[in-house]
Protein chains: 2
Amino acid sequence: MRKDSIPNKEVITTKPFPNSKKIYVQGEIHKDINVAMREITLSDTVDSFSGKKTPNQPVTVYDTSGPYTDPHKEIDVHQGIERIREQWIIDRQDTEELTEFSSNYCNQRLNDQSLDHLRFNHIRKPRKAKPGKNVSQMYYAKQGIITPEMEYVAIRENQKIQEAKRIAKQHPGQDFGASIPDVITPEFVREEIARGRAVIPSNINHPESEPMILGRNFLVKINANIGNSATTSSIEEEVEKAVWACRWGADNIMDLSTGKNIHETREWIIRNSPVPVGTVPIYQALEKVNGKAEDLTWEIYKDTLIEQAEQGVDYFTIHAGVRLAYVPMTAKRVTGIVSRGGSIMAKWCLAHHKESFLYTHFEEICEIMKTYDVAFSLGDGLRPGSIADANDEAQFAELETLGELTKIAWKHDVQTFIEGPGHVPMHMIKANMDKQLAACGEAPFYTLGPLTTDIAPGYDHITSGIGAAMIGWYGTSMLCYVTPKEHLGLPNKEDVRTGVITYKLAAHAADLAKGHPGAQHRDDALSKARFEFRWEDQFNLSLDPELARSYHDETLPAEGAKIAHFCSMCGPKFCSMKISQEVRDYAAKKELDEQQVLEAGMKEKAQEFKDKGSEVYL
Amino acid sequence: MRKDSIPNKEVITTKPFPNSKKIYVQGEIHKDINVAMREITLSDTVDSFSGKKTPNQPVTVYDTSGPYTDPHKEIDVHQGIERIREQWIIDRQDTEELTEFSSNYCNQRLNDQSLDHLRFNHIRKPRKAKPGKNVSQMYYAKQGIITPEMEYVAIRENQKIQEAKRIAKQHPGQDFGASIPDVITPEFVREEIARGRAVIPSNINHPESEPMILGRNFLVKINANIGNSATTSSIEEEVEKAVWACRWGADNIMDLSTGKNIHETREWIIRNSPVPVGTVPIYQALEKVNGKAEDLTWEIYKDTLIEQAEQGVDYFTIHAGVRLAYVPMTAKRVTGIVSRGGSIMAKWCLAHHKESFLYTHFEEICEIMKTYDVAFSLGDGLRPGSIADANDEAQFAELETLGELTKIAWKHDVQTFIEGPGHVPMHMIKANMDKQLAACGEAPFYTLGPLTTDIAPGYDHITSGIGAAMIGWYGTSMLCYVTPKEHLGLPNKEDVRTGVITYKLAAHAADLAKGHPGAQHRDDALSKARFEFRWEDQFNLSLDPELARSYHDETLPAEGAKIAHFCSMCGPKFCSMKISQEVRDYAAKKELDEQQVLEAGMKEKAQEFKDKGSEVYL
């Protein structure tokens with residue numbers, strides 16, 4: 001086992017994307033809002049006959065990378081990133097800074113000098129709601145208040161493409177009953193949060209996070225799991241994985257650390273995370289009882305919730321739907337219980353022969369959540385772990401319970417979303433979405449894949465990317481990524497990148513299919529660049545410019561090849577796009593479109609084309 | 001440009017898969033049929049309390065790898081592989097061996113001594129139907145004849161899982177009107193071929209190929225494109241790519257070579273290919289006129305068809321649906337015409353201002369096809385090359401024409417399948433399938449992807465794997481793979497592997513969703529192995545055992561880790577499967593299932609479990 005180490009500045013990836021600059025869009029209701037986006041500059045379209053240049057408008061894209069890709073921001077991982085939400089929270093005057101942490105365990109760790117070398121350098125005092133106050137975005141929304149967080153996500157969702165949208169034709173989508181407006185307004189955001197159909201995970205102790213929204217009427221989001229396990233990885237690596245995941249497009253991350261020093265690792269991650277951070281508190285609680293599920297108690301768990309809430313975790317996965325009576329339903333399964341949290345709670349229930357303390361103490365948990373605005377991610381502890389177990393009694397019994405719990409959470413104005421499977425064959429995916437919408441009153445759905453077959457370990461980012469794209473289309477709000485290492489080992493940095501990009505493209509495919517306004521803009525811009533052999537633009541508009549460029553350069557590395565009207569796939573004579581361009585250019589030169597060429601039916605045009613053709617070719 | 005070189009024996013990959021042996025199932029109607037399959041041997045399930053061992057039955061899987069994975073077969077790439085169909089063809093007595101090749105170009109090449117160093121060593125004389133004979137499988141099927149090819153595919157489709165099927169429960173599928181029987185009989189195969197709903201590509205000059213069937217009522221197949229381009233690759237590499245693609249699961253390959261020495265490259269590939277080989281003859285025809293589309297003639301094209309038919313190409317992609325009148329419909333597209341063949345023909349049509357010679361000579365082409373049993377793959381030259389162009393007028397106009405041509409081909413008893421797109425957002429995929437079924441009388445559909453977004457070059461195996469799985473589910477018979485290099489460059493060997501496995505898993509996901517009988521058997525076996533920590537079995541049952549193993553070993557390389565009840569992903573304490581096993585083992589030991597544990601409601605059981613738990617943990 002490697003020794004833990006704190007992050008070295010050099011390991012953090014900060015360079016901007018090629019031909020991209022960070023832009024900030026100011027709020028209108030809240031003038032101190034500056035929503036970060038990435039603007040990709042494109043080269044001109046050059047007419048191959050006349051040489052006439054036509055500029056291509058820059059393309060603005062959703063940007064999850066935080067300050068790391070802004071060369072004007074100083075990054076010091078030992079200080080943490082800018083706390084953009086701090087003043088908004090203070091201005092609401094419903095919270096107070098505590099003089100010390102409320103969790104016993106947290107204080108123990110802080111006082112343990114043997115941990116000094118691992119500790120984040122600038123730990124701040126936590127904030128908490130003033131007595132009797134509810135500080136959740138849902139509470140504000142129900143009061144009719146548009147918070148800066150709400151305006152932020154409204155601006156962010158629109159991606160500054162109102163202008164582009166007006167000119168872009170795009171295919172009408174099929175949205176299965178969603179209600180996606182043409183332009184997202186702050187008021188629409190508020191309404192959606194008030195009715196529970198959307199969530200902005202935004203713990204008051206994570207002021208560093210740039211607000212993002214989950215909901216079926218918004219862009220589909222993705223989550224990247226990071227975190228070390230007992231057998232591998234260090235704090236340094238995990239912080240870089242967090243920054244790296246955001247760089248490639250993670251809308252939020254979950255820290256699933258289960259090794260030593262979970263508390264310290266989390267502090268480093270949250271202080272440097274520009275996206276919301278989720279956890280599964282039972283993991284740490286289990287470490288506190290040395291891995292003996294049966295020794296878990298409500299008190300230990302509760303202290304863990306408070307510990308993590310005061311560090312700034314934005315949402316907790318809580319497997320409160322794993323009820324005692326459901327455990328036997330898993331006995332005949334091919335793969336039993338495959339959720340870590342679910343299996344821990346099942347073991348506890350059996351060992352004590354008691355109802356789960358997460359279920360029995362659910363309202364107390366709500367009280368904690370609303371004091372910090374931690375959102376529920378109601379865990380699907382009984383999700384199927386194999387195709388055989390998909391959509392079974394245990395899974396759907398738990399889902400019904402999650403629906404009941406959602407209603408209780410909403411009674412407390414606690415923001416809530418629901419976790420979903422797992423392993424499900426394609427034709428059984430839609431039933432999951434439909435049942436979730438019905439059982440949970442349209443609370444956002446957050447699924448892991450689903451994986452559409454079990455037979456491809458090593459490629460489970462793909463088996464699950466298929467299911468993820470489909471369930472995203474059907475209405476899921478957030479897709480939890482799966483990396484190529486799923487079922488086999490802990491993902492490394494490259495696995496994280498592959499997982500994130502796979503899920504980013506799946507989420508985008510879902511947005512296109514739902515007909516999300518403006519979603520097709522980037523596809524159109526990239527395809528136009530492709531057709532015009534603007535190779536650099538094609539790379540820069542893609543989800544992974546580095547990889548696209550490196551694949552191209554593998555066979556044609558010369559700079560000249562970046563303006564060539566072909567690539568190594570077909571070579572110069574066989575490039576369909578080149579031939580197609582020639583057909584078009586010919587028509588353009590004649591000041592005729594192809595329609596006219598044909599309709600005129602003039603034989604001599606054909607002859608001219610032939611003559612012209614002779615010089616177009618090599 | 002590299003110098004071409006002929007294959008060196010050493011470059012060909014021949015090793016068997018781990019814990020796998022080649023088995024051969026004999027025919028009943030035709031006793032000289034031996035259908036190759038791969039049998040994967042599994043280890044025993046060991047009860048962790050009693051130590052009792054229960055054997056796991058071996059799993060038989062579909063095997064496309066040919067003799068290369070049979071250690072009992074001598075492989076000599078300079079001789080070509082065994083000609084398993086030769087005697088069947090001779091026995092039908094409707095063909096004759098010609099004294100020389102019929103194609104002028106072929107004879108030119110054979111007489112060109114400067115090519116001797118590149119030439120396949122043992123070129124055989126071609127066979128052709130006797131005058132007036134039709135040697136297509138469709139012709140035989142309509143005559144009520146069950147050929148050895150038909151019985152072969154029937155046995156092959158069943159994968160020897162009739163026994164397994166009887167005990168396996170699997171989810172009922174959703175097949176959108178397909179008619180998939182529980183067991184595939186030779187008579188069913190015959191009926192499906194007779195009515196045009198299935199195709200066995202089986203040129204009489206490619207007796208080396210192991211018959212495989214395409215059709216919506218059979219397992220979904222995949223195609224791998226190989227072949228060099230003018231800028232890269234050698235004959236040696238392409239032959240190894242062919243063998244390599246079959247190894248990983250390609251049901252057939254297309255040789256899309258466009259560089260020099262297309263003729264010689266093809267000979268090497270066909271003589272060593274255990275799967276059907278397709279081509280796009282217009283590519284070679286274009287090389288013959290030095291890349292000038294307008295110089296193409298029917299005579300040059302016809303000579304090319306005969307040249308390739310006598311070498312043994314099993315199907316030809318022919319873009320006969322790109323009619324003059326459709327070309328202008330592409331003028332306003334974002335990406336024009338993106339099919340190489342389509343753009344060549346569009347250029348020819350415009351240059352001559354004439355209807356395509358492929359369309360006007362279609363019946364003559366049918367005459368050639370039925371003389372060798374070459375199947376039509378009616379090309380979609382106007383497929384959309386971007387999301388923006390999906391399902392447009394040009395695309396569907398061409399599809400209607402392909403439907404007309406299908407009827408003409410069937411009149412000649414020529415086996416026919418239809419190519420499909422391309423780039424299509426998820427919600428517009430099903431319309432493609434529905435229209436194809438209607439327009440083309442259920443002739444098998446063969447699609448490229450479709451890609452569900454344009455924004456992920458470098459990951460287009462995934463953007464397209466999503467669409468491929470979906471359209472496979474809807475009824476597509478064969479999925480043409482896309483590699484990570486799509487749009488960027490020529491795929492190398494590793495790209496071929498990634499593309500093949502991605503499409504194999506997509507095809508399998510489609511089989512599961514259609515409810516193909518027995519499809520779930522391998523998933524269930526792998527999931528059971530996973531749950532029981534039979535790591536070796538999990539690797540060996542997967543589509544890519546090497547990669548799965550290497551990913552596991554990256555973090556836990558020790559041999560002992562292959563029997564450990566956890567992996568590096570969660571570590572020992574957090575493995576849900578381990579905890580779930582413990583719950584189950586506990587119940588088993590008490591000779592109670594969990595249901596009874598609970599129902600009995602006995603508190604002391606809980607205490608016992610606690611005690612037991614203490615020693616189970618580390």
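Yeah, the Cβs are placed from backbone N, Cα and C, and that goes for glycine too.
What TrEMBL says about a protein is an automatic prediction, not a curated fact.
Per TrEMBL, the features are as follows:
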- A:N225, A:M254, A:Y283, A:H319, A:S339, A:R340, A:G341, A:D380, A:G381, A:L382, A:R383, A:E419, A:Y446: substrate binding site (BINDING)
- A:H423, A:H487: Zn(2+) binding site (BINDING)
- A:C567, A:C570, A:C575: [4Fe-4S] cluster binding site (BINDING)
- A:48-67: compositional bias 'Polar residues' (COMPBIAS)
- A:16-96: domain 'ThiC-associated' (DOMAIN)
- A:48-70: region 'Disordered' (REGION)
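Projection of TrEMBL feature records onto the structure.
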residue: A:N225; record: substrate binding site; DSSP (3 states): strand
residue: A:Y283; record: substrate binding site; DSSP (3 states): helix
residue: A:S339; record: substrate binding site; DSSP (3 states): coil
residue: A:G381; record: substrate binding site; DSSP (3 states): coil
residue: A:H423; record: Zn(2+) binding site; DSSP (3 states): strand
residue: A:Y446; record: substrate binding site; DSSP (3 states): strand
residue: A:H487; record: Zn(2+) binding site; DSSP (3 states): coil
residue: A:C575; record: [4Fe-4S] cluster binding site; DSSP (3 states): coil
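Candidates A:H423, A:H487, A:C575 (binding-site residues) were compared with A:R383 (substrate binding site); those inside 10 Å Cα-Cα are A:H423. By a Cβ separation below 8 angstroms, chain B lies close to these of the binding-site residues A:Y283, A:S339, A:R383, A:Y446, A:H487: A:Y283, A:S339, A:H487. Cα to Cα, A:N225 (substrate binding site) and A:H487 (Zn(2+) binding site) are separated by 14 Å. All protein chains shown were included, and the count of other CB atoms within 10 Å of the CB of A:C575 ([4Fe-4S] cluster binding site) stands at 22. DSSP labels the residues of the compositional bias 'Polar residues' (A:48-67) in these numbers: 2 helix, 5 strand, 13 coil. Highest Cβ count within 10 Å among the binding-site residues A:N225, A:S339: A:S339. With a cut-off of 8 Å between CB atoms and residues at least 6 apart in sequence, the same chain places A:L214, A:N223, A:S377, A:F417, A:I418, A:E419, A:G420, A:T476, A:S477, A:M478, A:L479, A:C480 near A:Y446 (substrate binding site), listed in sequence order.
Take the CB of A:H423 (Zn(2+) binding site) and look out to 10 A: across all protein chains shown you find 28 other CB atoms.
Under a cutoff of 8 A between CB atoms, and with a sequence separation of 6+ in the same chain, the neighbours of A:G381 (substrate binding site) are A:H319, A:G321, A:V322, A:I337, A:S339, A:G341, A:G342, A:S343, A:M345, A:A346, A:E398. Across the residues the record lists as binding substrate (A:N225, A:M254, A:Y283, A:H319, A:S339, A:R340, A:G341, A:D380, A:G381, A:L382, A:R383, A:E419, A:Y446), the two Cα atoms farthest apart are 20 Å from each other. Around A:Y283 (substrate binding site), the same-chain residues at least 6 positions away in sequence with a Cβ under 8 Å from its Cβ are A:L256, A:S257, A:T258, A:I262, A:R340, A:G341. Geometry remark: A:C575 ([4Fe-4S] cluster binding site) versus A:H487 (Zn(2+) binding site), CA distance 41 Å. Taking the domain 'ThiC-associated' (A:16-96) as a whole, pLDDT averages 95 in the prediction.
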